[in-house]
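Heads up, the thing below is written out as structure tokens.
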Amino acid sequence: EYQLMQKSDNDSKQLSVTNVKTLKMNDDVLAVTISPTGNHIAVALLDGAVKVFTMDSLKFALTLYGHKLPVLCMDISSDGVLIVTGSADKNLKIWGMDFGDCHKSIFAHTDSVMDVKFVSKTHYMFSVGKDRTVKYWDADKFELLLTLEGHHAEVWCLAISSRGDFIVTGSHDRSIRRWDRTEEQLFIEEEQEKRLEETFEADLDSAMDHKYGQKDGAPDEGSVGVPGRKTKETVTAADAIIDALDTAEEEVKRLDQHQEGQNNGNGTTFQPNVIMQGQSPSD
């Protein structure tokens with residue numbers, strides 16, 4: 001607690017801080033948060049569990065257990081109804097503060113979730129992660145509303161203004177970014193469609209690996225050039241090349257067999273495959 005201390009009668013009073021209570025934990029503490037109502041304190045431990053205590057007596061109230069890796073951040077809604085936890089297992093979990101029941105587990109980021117905060121007086125929340133994105137969620141409907149991209153490295157932390165009209169994020173790219181809420185209408189269906197289109201167009205295999213990773217300009221050993229993005233046309237063209245190679249290989253085998261037959265005195269004429277269109281296998 002804050003206290004005004006006076007060393008002697010002549011000195012002026014100075015603001016200082018005194019330790020009032022100490023609560024011993026059985027593991028390393030990674031994150032701690034106090035409910036805006038002032039009723040509870042939540043503590044995230046290294047074993048992946050979150051323990052909730054009452055604020056006045058520090059009496060044990062709940063254990064939130066379900067994350068596979070340690071919880072790195074958490075926040076309690078301003079009405080004290082929900083608690084959200086973000087973990088190194090890339091998930092956000094939304095829990096009820098009454099009974100500690102898990103309402104929903106959301107695969108939120110493609111890397112560790114570094115910070116999560118509720119917007120004051122709402123059940124909307126923002127999360128940031130090592131995947132360089134900022135995401136805006138509805139904790140009642142468990143929906144992703146917006147994905148904000150702009151940082152060039154892991155996003156470590158975020159703060160939301162008391163009115164919720166802007167947020168500030170801090171990143172490993174040495175920048176602090178401010179994101180303002182606009183008056184523009186947000187249509188969830190449109191955002192979902194946009195995300196689906198992006199997923200469809202991107203190469204799903206390399207999206208996770210290369211979207212935010214360093215891209216090497218040099219092609220791999222033995223390859224002709226840097227691979228491009230997978231599209232319907234490239235897939236069809238690749239299939240056609242593979243078919244042509246298989247057909248040519250078969251034709252070479254048939255030619256060898258025919259040659260052997262001729263060497264053994266079997267003088268039948270060779271019937272080339274019609275698909276070869278009169279060309280040699282190498283052509």
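A Cβ is built for glycine as well, from the same backbone N, Cα and C atoms used for every other residue.
Taken from TrEMBL, the feature compositional bias 'Basic and acidic residues' covers 250-259. The list of residues near the compositional bias 'Basic and acidic residues' (250-259) in space but at least 6 beyond its ends in sequence, with Cβ under 8 angstroms from a Cβ of it, reads 268, 270, 272-273, 276, 281.
Feature annotation from TrEMBL assigns compositional bias 'Polar residues' to 260-283. Within the compositional bias 'Polar residues' (260-283), the DSSP-based counts of helix, strand and coil residues read 7 helix, 0 strand, 17 coil.
The annotation region 'Disordered' is assigned in TrEMBL to 249-283.
According to TrEMBL, the feature repeat 'WD' maps to 64-105 (among others). Across the repeat 'WD' (64-105), DSSP helix (H, G, I), strand (E, B) and coil residues number 0 helix, 23 strand, 19 coil.
Taken from TrEMBL, the feature repeat 'WD' applies to 106-147 (among others). Within the repeat 'WD' (106-147), the DSSP-based counts of helix, strand and coil residues read 0 helix, 25 strand, 17 coil.
Mean pLDDT across the repeat 'WD' (148-180) comes to 95 in this model. Positions annotated as repeat 'WD' by TrEMBL: 148-180 (among others).
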